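Enquirer: Quick one: the structure is below, and I'll ask about it shortly.
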Protein chains: 2
Amino acid sequence: STTMPGSLPVNAESCWPKDVGIVALEIYFPSQYVDQTELEKYDGVDAGKYTIGLGQSKMGFCSDREDINSLCLTVVQKLMERNSLSYDCIGRLEVGTETIIDKSKSVKTVLMQLFEESGNTDIEGIDTMNACYGGTAALFNAINWIESSSWDGRYALVVAGDIAVYATGNARPTGGAGAVAMLVGPNAPLIFERGLRGTHMQHVYDFYKPDMVSEYPVVDGKLSIQCYLSALDHCYTVYRNKIHAQWQKEGTDRHFTLNDFGFMIFHSPYCKLVQKSVARLLLNDFLGDQNLETANGVFSGLEAFRDVKLEDTYFDRDVEKAFMKASAELFNQKTKASLLISNQNGNMYTPSVYGCL
Amino acid sequence: STTMPGSLPVNAESCWPKDVGIVALEIYFPSQYVDQTELEKYDGVDAGKYTIGLGQSKMGFCSDREDINSLCLTVVQKLMERNSLSYDCIGRLEVGTETIIDKSKSVKTVLMQLFEESGNTDIEGIDTMNACYGGTAALFNAINWIESSSWDGRYALVVAGDIAVYATGNARPTGGAGAVAMLVGPNAPLIFERGLRGTHMQHVYDFYKPDMVSEYPVVDGKLSIQCYLSALDHCYTVYRNKIHAQWQKEGTDRHFTLNDFGFMIFHSPYCKLVQKSVARLLLNDFLGDQNLETANGVFSGLEAFRDVKLEDTYFDRDVEKAFMKASAELFNQKTKASLLISNQNGNMYTPSVYGCL
């Protein structure tokens, strides 16, 4: 059996449009919020549990005058108006969400109302759905579209929106709500790297919504953190393997490390998990290269962890503490600034990572 | 404001992989069915209402031992085994469906169970959702992926599956169930044309599922037929405009007509609507070219309809009758054979059009 039916033509790079990525971005989130210090008091938990433990200051929430359709309509209209865009210039529109108010009719078709006056109905794309991944899937699809023969020269519009609410309990302070709209095209200021994405997709029941009449998900918090960190490990490994292969082809033989990143943004269920993720990536760097300097520098004092195994350390407090400390500077420089909206509005699910831009 | 941010490079055609399309296809539908003549008796309607009026012979249905996940798991495993494919050779997997049993966790992640043994988790794609369009959106995404820089040489796998059931009443006999899996790659026997797709997307409440606890949709049958035929008109117009532009660039100046198609397949809620659709396309040909021969040939005797307007004829019995008759031969030659599964199993929603292959 064939395993690889083909490969990219050698001259392909010269054929795709230049610098495909995000040309413009718009965000919308509710004007009302819950102060997390108030929520700590209301829930009768220790002061600091949500604000310091989770790293959250405020949590946006929707009134009964808003739903997923209105969030997305608002953010699209804002994007179009702020950039003086004609509705004719959009050739693709898709929505990533897991907040449904109808099991069949997509949010995308609702957004088509905005296009009615222009008469533009020749627009591909639809809703993509899987927990927080839907927005990213939509964005990847839009970029692929622009590099494919299906592209007709127009922009793609990617909308990610969700209302995150949890039942009373531990997960409740990790709620939030909002929507992001991204205009995707060539000659973008924010460009997507080609051929280097690392994906990890697995069948797990850490977060799902089996109760059709409830807006609350079923969450296994501990398993969900393990899934997040394990997916991070896998994606970073795949990414490094791909970039190493590319570098080797170019004649360079060295390890990729976090120093090679200008900035790092993450899907942000709550800010503390993002901070732990930076620590986790540093642990990956540390375990991935036995020759790293441990006498001084960021890895000094970490020799004791030379032989730990990634899959044994999801909840290892010693490892976490040591690498949180070691990565503190890295976090402050390359990630902290991205968490403003996450800290002030909470988890938006699908748009969460794009709110960090 | 810019309306077109770019255009395809002139040498693009030589860069995309050759002949991207469907390499292999597998179908699965339930083994139990309702005979439509029995359903006519049970419902106390005129004999022939479902069998002749709708053109349906049998209607497949799922027992309580099957759901959307099991349908899709079965069809993917069958495709992989029949084609002796290794799970390593899939680089993209996505599912088009509107049959949800969870509001957040996608069918795609459930399918990842099949990939576990191979260790292949670097697989993009997710579920796409909007009534019957989800499977087509997934297929277009897969084709775009193979022509983009994201492609890594592996196959894409597109799964479309649904269980179509309606509340007691007129729509019930248009039910059905099934799933189709399509292997997408280059050098395919069934190739997708480049740059010629016509899409029509509009905000309409003809079919939706607002009741979260019911598996039944809310259907406005008459509006739904109007939407179907109007979308067909629009798509055919867009398609002809695109192909005319292409032909003009090549120096050819003539009208596109149905004679230029080898075969025509359709999304098939019920077979009679497909037959009416062929008639509808012939009406489009007729109205689109004032110079068509009406003295003899397929259009003879149709002069009386020279000045009708497409948007006035969705339910015009005279027009329907005349063009059904005129297109009978065309239907028999280019479409009828494709309706076997639709006739014997019923509407599968997203995979319906692909069951016609």
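The count begins at 1 with the first shown residue.
A Cβ is built for glycine as well, from the same backbone N, Cα and C atoms used for every other residue.
This is the feature table in TrEMBL:
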DOMAIN    B:16-189  domain 'Hydroxymethylglutaryl-coenzyme A synthase N-terminal'
ACT_SITE  B:E98  active site, proton donor/acceptor
ACT_SITE  B:C132  active site, acyl-thioester intermediate
BINDING   B:N170, B:S224, B:K272, B:K276  CoA binding site
DOMAIN    B:190-357  domain 'Hydroxymethylglutaryl-coenzyme A synthase C-terminal'
ACT_SITE  B:H267  active site, proton donor/acceptor
Enquirer: Quick one: Cα separation, B:K272 (CoA binding site) versus B:E98 (active site, proton donor/acceptor), in Å?
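Expert: For B:K272 (CoA binding site) versus B:E98 (active site, proton donor/acceptor), the Cα atoms are 23 Å apart.
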Enquirer: Restricting to the same chain and to sequence separations of six or more, state which residues have a Cβ under 8 Å from that of B:N170 (CoA binding site).
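Expert: Listed in sequence order: B:G221.
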Enquirer: Just give me the nearest neighbour of B:K276 (CoA binding site) among the active-site residues B:E98, B:C132, B:H267, Cα to Cα.
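Expert: Out of the listed candidates, the nearest Cα belongs to B:H267.
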Enquirer: Using a 10 Å cut-off between Cα atoms, which of these recorded positions sit near B:E98 (active site, proton donor/acceptor): B:C132, B:S224, B:H267?
Expert: B:C132
Enquirer: What number of additional C-beta atoms lies within 10 angstroms of the C-beta atom of B:S224 (CoA binding site)?
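Expert: B:S224 (CoA binding site): 20 neighbouring Cβ atoms within 10 Å.
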Enquirer: At a CB cut-off of under 8 A, do any of the recorded positions B:C132, B:N170, B:S224, B:H267, B:K272, B:K276 come close to chain A? List them or say none.
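Expert: Qualifying residues, whose Cβ lies under 8 Å from chain A: none.
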Enquirer: Which has the fewest other Cβ atoms within 10 Å: B:H267, B:K272, B:K276, the recorded positions listed?
Expert: B:K272
Enquirer: About how far apart, in whole Å, are the alpha carbons (Cα) of B:H267 (active site, proton donor/acceptor) and B:C132 (active site, acyl-thioester intermediate)?
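Expert: Cα-Cα, rounded: 8 Å.
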Enquirer: Could you give the mean pLDDT over the domain 'Hydroxymethylglutaryl-coenzyme A synthase C-terminal' (B:190-357), rounded to a whole number?
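Expert: In the predicted model, the domain 'Hydroxymethylglutaryl-coenzyme A synthase C-terminal' (B:190-357) has a mean pLDDT of 96.
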Enquirer: By the DSSP assignment reduced to helix, strand and coil, which category contains B:H267 (active site, proton donor/acceptor)?
Expert: coil
Enquirer: About how far apart, in whole Å, are the alpha carbons (Cα) of B:C132 (active site, acyl-thioester intermediate) and B:S224 (CoA binding site)?
Expert: 12
Enquirer: Greatest CA-CA distance (Å) over the residues B:N170, B:S224, B:K272, B:K276 that the record ties to CoA?
Expert: 19
Enquirer: Around the Cβ of B:E98 (active site, proton donor/acceptor), how many other Cβ atoms lie within 10 Å? Please give the count over every shown protein chain.
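Expert: Result for B:E98 (active site, proton donor/acceptor): 29 neighbouring Cβ atoms inside 10 Å.
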